[in-house]
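See below for the structure under consideration.
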Amino acid sequence: MQKLYIIKVGGNIIDNPEALTSFLKDFASLKENKILVHGGGKVATEISKGLGIEAQMVDGRRITDAETLKIVTMVYGGLINKNIVAKLQSNECNAIGLTGADANIMLSSKRPLKNGIDYGFVGDVKKVHPQPLIHLLSQGITPVVAPLTHDGNGTMLNTNADTVASELAVALCGAFAVNLVYCFELKGVLRDFEDKDSVISTINPDTYEELKSTGVINKGMIPKLDNSFNAINAGVSSVIICQAESLVELINENKTVGTKLVAN
């Protein structure tokens, strides 16, 4: 079975033009089948502020009202997605930009009230149709997927990019040996946020619960790890959380980097 790397990039990489350009050059050089999933929350937040709309976040997830939905659709599906595609094309990586609505790749349902919180137009993934992605990969085309899905009734939904990446990984397990990689600005999951070298090399479900209870893992890292363990339990070959600069070492040079998520 062929390998497939599903790589999610986020954090400060998207916001830093030099870091993003360097990362995309590395991504383009990867020899295996690959899909890129991107976030972009900080860009959307800046544009929201400029328009007088204050971003609201709960546990790393954005609350999306009707006006914010317009902004994230423009920013995620347009500005960020197409800039990434253009940069990949300049590195001889034939990429195509997509949302979950394109080719009906990813259907979601609007999240119901959760603990009294109305997340607005936020989608919880209910169905992934991997065949269009399999076809694109077979033609040597690299999908670049924005964190937007649709409800099947004409409404776009903002969807956590980590979730999009893990759901794609699970859906493509039947066709590929899928490896899920979360790339951001840190070297991995840190035991001490003040010590950027305090990388936790492996985390299993038991140590994850312990790290959450002691506050070592919190905020936006929680949905990332929740999605990671869901993917492992569903048959994804490996999940790595690492620094964007380590991507070539990990994939082309087969080196050990970052934090690896493992089953008990």
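Note that Cβ sites are derived from N, Cα and C of the backbone, with glycine treated the same way.
The following features are taken from Swiss-Prot:
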- Lys8: site 'Transition state stabilizer' (SITE)
- Gly40, Gly41, Arg62, Asn158: substrate binding site (BINDING)
- Lys224: site 'Transition state stabilizer' (SITE)
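Mapped onto this structure are the features recorded in Swiss-Prot.
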{"residue": "Lys8", "record": "site 'Transition state stabilizer'", "contacts (Cβ under 8 Å, 6+ apart)": "Leu36, Val37, His38, Gly39, Ala161, Asp162, Val164, Ala165, Leu180, Val181, Tyr182, Cys183"}
{"residue": "Gly40", "record": "substrate binding site", "contacts (Cβ under 8 Å, 6+ apart)": "Gly10, Ile14, Val75, Tyr76, Leu79, Ile80, Ala146, Pro147, Ala161"}
{"residue": "Asn158", "record": "substrate binding site", "contacts (Cβ under 8 Å, 6+ apart)": "Arg62, Thr64, Thr68, Leu69, Val72, Tyr76, Gly120, Phe121, Val122, Gly123, Pro147, Leu148"}
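DSSP gives Gly40 (substrate binding site) a coil state; it is part of no helix or strand. The Cβ neighbour count for Lys224 (site 'Transition state stabilizer'), using a 10 Å radius and every protein chain shown, is 25.
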